[in-house]
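> Straight out of TrEMBL:
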- Arg79, Arg104, Asp131, Pro132, Met133, Leu134, Ala135, Thr136, Gly137, Gly138, Ser139, Asp200: 5-phospho-alpha-D-ribose 1-diphosphate binding site (BINDING)
- Ile194, Gly199, Asp200, Ala201: uracil binding site (BINDING)
- 6-208: domain 'Phosphoribosyltransferase' (DOMAIN)
Amino acid sequence: MGKFQVIDHPLIQHKLTIIRDKNSGTKVFREVVDEIAMLMAYEISRDLPVEEVEIETPMVRSVQKQLSGKKVAIIPILRAGLGMVDGILQLIPAAKVGHVGLYRDEETLEPHEYFVKLPDDIASRQLLVVDPMLATGGSAAMAIEALKKRGASNIKFVCLVAAPEGVKVLQEAHPDVDIYTAALDEKLNEQGYIVPGLGDAGDRLFGTK
Ligand code: PRP
Ligand code: URA
């Protein structure tokens, strides 16, 4: 089974409270989602491989460390995943970005795929699939299936708020995928929204309704 980690650093908890607040408008919501994604990227990148490199400091020649091995690609699930991309790029600026477009049918809660555009070397990259919300888990599971179908195998899923139901669905569908979230909430309501949650992430991020 992949790792399941709640990244509950005090800065992240504080910022998450800001975006949960229904009085936070689009500007604040967007800025703070980016900040949380950046802070999470610091923790998620902890196990990136490093290699030794010989350099010259102003004092001596010296063997030091640099990132090596697998390159990263960030895969936002449209739309709301887009809000997390820039924050992660601040820490991993050379990452490529692929897109998977899914929407959830409001009646059945089933996800529907409408767009997939990926870097052509995803099979050799460490993929970070990002979406603020892991609710029923249907969207995340389908997005990851779409990536695996195209050759991806090294995948981490990163969200801001997860429901226990979604974590279970995703772990069962993709036991090889590590899951990182900033919070594990109480439950889903009858409409498939996370409670306490933060509402509709896409609408709050883009100011739609
Ligand atoms: C939201 C969210 C996830 C999905 C989570 O997207 O951004 O992608 O719902 O729900 P699930 O775990 O039950 O599948 P939505 O379908 O509302 O699309 P949007 O991002 O375009 O608003
Ligand atoms: N999608 C959202 O944007 N919010 C939820 O609470 C559940 C699914």
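Every residue gets a Cβ built from N, Cα and C, even glycine.
In TrEMBL, annotation is done automatically, which means it is predicted and not curated.
What's the neighbourhood like for each of these?
The Cβ of Ala135 (5-phospho-alpha-D-ribose 1-diphosphate binding site) lies under 8 Å from the Cβ of Arg104, Leu109, Ala163, Glu165, Gly166, Leu188, Gly192, Tyr193, Ile194, each on the same chain and at least six residues away in sequence. Under DSSP, Ala135 (5-phospho-alpha-D-ribose 1-diphosphate binding site) is assigned to coil, being neither helix nor strand in the three-state scheme.
Within 10 Å of the C-beta of Ile194 (uracil binding site) there are 27 other C-beta atoms, taking all protein chains into account.
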> How many other Cβ atoms sit within 10 Å of the Cβ of Ser139 (5-phospho-alpha-D-ribose 1-diphosphate binding site)?
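So the number of other Cβ atoms within 10 Å of Ser139 (5-phospho-alpha-D-ribose 1-diphosphate binding site) is 26.
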> Taking every protein chain shown into account, which of the binding-site residues Asp131, Asp200 has the largest tally of Cβ atoms within 10 Å of its Cβ?
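That would be Asp131, with the most Cβ atoms nearby.
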> Given the binding-site residues Gly199, Asp200, Ala201, state which is nearest to Asp131 (5-phospho-alpha-D-ribose 1-diphosphate binding site) when distance is taken between Cα atoms.
Ala201
> Return only the integer: C-alpha distance in Å from Asp200 (uracil binding site) to Met133 (5-phospho-alpha-D-ribose 1-diphosphate binding site).
9
